[in-house]
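What TrEMBL records for this protein:
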type	residues	note
COMPBIAS	209-221	compositional bias 'Low complexity'
DOMAIN	234-347	domain 'RNase T2-like C-terminal'
REGION	201-234	region 'Disordered'
Amino acid sequence: MLDYWDRVVPQHLDGIEFMLLRSPRRTFVADTGLWPDHCDATFGQNCDSSRTYTGISGLLSDNGASDTLAFMKTYWVDINGQNEQFWAHEWATHGTCMSTLKTTCLPSGSVKGAEAVAFFQTVVKLFKTLPTYTWLANAGILPTNSRTFTLSQLTSALKSASGGFTPALDCRSGTLNQISCLHLFAVFTQLLADTPESGSCPSSGIKYPPKSGTPATTTTTSGGGTTSGVPSSLPSKATIRAIRSGSTVGGLLTAGTWSTQTLATMTLSGTTSSFTMTSSRGNCGLNSGSLTCGSGVTAATFSAVSSGGNLLLASGGSTAFTSEGVPSGTTVYTVYTGSSRAQDYTLSIVST
């Protein structure tokens, strides 16, 4: 699972430490929260009982964070299926201890619970910045039972992909189960930094086994979320459909734009870990985060992530895509990676 630990550093410098743990699904990581830390291995808990909120799903939906909730239902789930109780616990135990989320820091007129919404939105946003599974896969390091890895191999792959910052790797019985990265925040500046402590993995002989599980099954949790089987291989031909707030709203045209008109049939070449995509116009690539397909375009490398019964298109390990608006009729919108614009969504790969 992917755990977030929020570290409140002296002099108003906040840090977020991310940890990758083993999870039940084959290529999934999941998120378990942000924990305020005093930089001495201790942290506060349950700092404000007056802001102990329940009904987190409703709180997010009622305050324009349905996309955050949808993401949480896949990546931030309770091991026993008690999602609502789990999310309420994470907020009450850890979120209330974040100094920047005190109600006195909120804009005047903010609705009750706005700081909790910001907490969950921040967790999801930061979760997407560290696609550790894809970073390792891009370096040729995939789960296997037939070989082991050195600490240097794993660390170097992650350090290179993160821009030169050293993570901490922890193991259980010689098996990789946790990767920690540290983000520092000063006012509005975010800085990825070396982790202050090394992990517990040995220097060699590290096991990175495939996850167990049968992705063809479908189950319903008591929290209302569902997990479904998805294709285990990449289709060679597919349409790319946009999923927004749980509903399909058009998809990609031949130019790579978002539209509700007749969708393009894309050609996909590679595997779910790494593939290129072309339309009848030419290669599909990324230019400053903008998706475009056409003659002379340098092909970008994508990956595919199984989620909620869908095979989602991913760039840099993130399935988040965004546009300035929602298309209708003949109106189309440019597709950007990330979630920095007015409308956020995911792109589902549907075999044709």
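Cβ from N, Cα, C; glycine included.
For the domain 'RNase T2-like C-terminal' (234-347), the number of residues in each DSSP class (helix H, G, I; strand E, B; coil) is 0 helix, 65 strand, 49 coil.
Mean pLDDT for the domain 'RNase T2-like C-terminal' (234-347) in this predicted model: 92.
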